[in-house]
Amino acid sequence: MHLSEITHPNQLHGLSVAQLEQIGHQIREKHLQTVAATGGHLGPGLGVVELTLALYQTLDLDRDKVVWDVGHQAYPHKLLTGRYHNFHTLRQKDGIAGYLKRTENRFDHFGAGHASTSISAALGMALARDAQGEDYRCVAVIGDGSLTGGMALEAINHAGHLPKTRLLVVLNDNDMSISPNVGALSRYLNKIRVSEPMQLLTDGLTQGMQQIPFVGGAITQGFEPVKEGMKRLSYSKIGAVFEELGFTYMGPVDGHNLEELIATFREAHKHTGPVLVHVATTKGKGYPYAEEDQVGYHAQNPFDLATGKAKPASKPKPPSHSKVFGQTLTTLAKSDRRIVGITAAMATGTGLDILQKALPKQYIDVGIAEQHAVVLAAGMACDGMRPVVAIYSTFLQRAFDQVIHDVCIQKLPVFFCLDRAGIVGADGPTHQGMYDIAYLRLIPNMVLMAPKDEAELQRMLVTGIEYDGPIAMRFPRGNGIGVPLPEEGWESLPIGKAEQLRQGDDLLMLAYGSMVYPALQTAELLNEHGISATVINARFAKPLDEELIVPLARQIGKVVTFEEGCLPGGFGSAIMESLQAHDLQVPVLPIGVPDLLVEHASPDESKQELGLTPRQMADRILEKFGSRQRIGAASA
């Protein structure tokens, strides 16, 4: 059987180990070819090929349900559930999503994108099953990185108190999340992994007995119960934490040995209560470049399979916002020992790996624990430090209560630096940074700012570190504009003060962050049609520069706002609230992301679909304020 013939995972039933190994080879081949062409997560999926095949051979997927944590390791799952022939559309607009979506396939039982949710979801399904008198298996597959998240531990704590609830947790332990794992739990799991001498001892004894002339086979057969007893004794000791929490612990199992995996899963299915099977895997298995550099090959842009190197850009690009952030913060930290960078398992993605290498004592990785990261920062701020929490916009959502309760109510000087703010592209709705302006703007004592380019990002970093209270800066994914970057001597910005970039009499355009340059381009297009616009770089969404904005709005009488975020509660809402508070009844056109989920596509495709290109925005402005001539029509 070829992988291309598999449309249902139950087709794996009855296949030999040799046949499964052949399909595993085909999965890796398709996985590598596709990600090399489209980009996507590479290492996670390569590491769970055998785990997926063995698990699915022992389940009835017409009835049983598997929940994959995060979902970026579920590419083999997608290939085994009828998506082989359109797998080339992975992460492309209108194609297969990079994560799991309930609307995409009937075997995607729970959508995700953020970590540590799988055990809670699978336990919920198990309890629903029992409440309705049904009988099927519920399985959560979770990585050791995700297991550091508090929600996963909360779910384990709950499940362990339900001895009659049948639940299987498969711990995919590759000693990595995106970067190497941190913390006591990770250290404990690593001790379990290195306890493999027990496995080696029993296997060695078996091989030795087989070589005894005449009686070796019989002795070996008789030794099997002893061998299993030795293993169980070892397991009960090394898995003590999980046993004490109410789980039957099995493992560690070689995650690339199909025979051992199948036997272990079949044994696990016999238990009636919660079971944890500990599977030791290698991230990036089967592709040497990914095995050697597990951080770099966690996820990749399109690359050359033969060399493992990214396909060269057509022309040199400016440094990314993340890199500018990391380099600038490191320079500032060298002269200010109060500065400490905090990440929740995203050092490389946020640029904090630069600080980690240069000043390791001023760097903290808390693991996948956003709530802890925020309160840790609050505690450090209480005692004179200047913590900088570097985090993706989408992940700060997970610590919303802590931002309010532990930082803002106490007005502590914690600096939130929100990478990937706005449209992020192929990762889709779970990763879009759409909501931070709205959900942070409503919190008293919080200051919000966003740079128009990478040079202003440097100045805002100085501003945030100097400010004596809660403050947040958002900046987008990807490369900067390409403006000159001074290496030192950055000046802070006055809090709540905007910048006028262009003078005009017909229209007031107020832009925030990454939308400043598109607003300037829009103004140029409007100017060609006889409309002159004043363009303001707001810099701050809270507090607004009302001393500048309100008189201009009163004078010009027509206002357009620009933001790369959700319109409900966002920057445009802040402007309209301000004008209303000053009794100004002027027409306002807010431009941004409407009340919808932005699906996976390239950032440019998403902006086109949302009407956020300069030409589209100019057309909307002309339509709003009475002109019948459209920019697009005029340029056609």
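In case you wondered, yes, glycine gets a Cβ from its N, Cα and C as well.
A quick note: this is a predicted structure, and the numbers were derived from the prediction, not measured.
Among the candidates GLU5, GLU21, GLU370, the residue that Swiss-Prot annotates alongside HIS72, GLY113, HIS114, ALA115, GLY145, SER146, ASN174, TYR287 as binding thiamine diphosphate is GLU370.
Of all the binding-site residues given, namely ASP144, GLU370, the one with the smallest number of surrounding CB atoms inside 10 A is ASP144. A distance of 16 Å separates the Cα atom of GLU370 (thiamine diphosphate binding site) from that of ASP144 (Mg(2+) binding site). Each of the binding-site residues HIS72, HIS114 was scored by other CB atoms within 10 A of its CB, and the lowest score goes to HIS114. Comparing HIS114 (thiamine diphosphate binding site) with ASP144 (Mg(2+) binding site), their Cα atoms are 14 Å apart once rounded. Residues HIS72, GLY113, HIS114, ALA115, GLY145, SER146, ASN174, TYR287, GLU370 are the ones the record ties to thiamine diphosphate, and the longest Cα gap between any two of them is 32 Å. A Cα-Cα distance of 7 Å separates ASP144 (Mg(2+) binding site) from ASN174 (thiamine diphosphate binding site).
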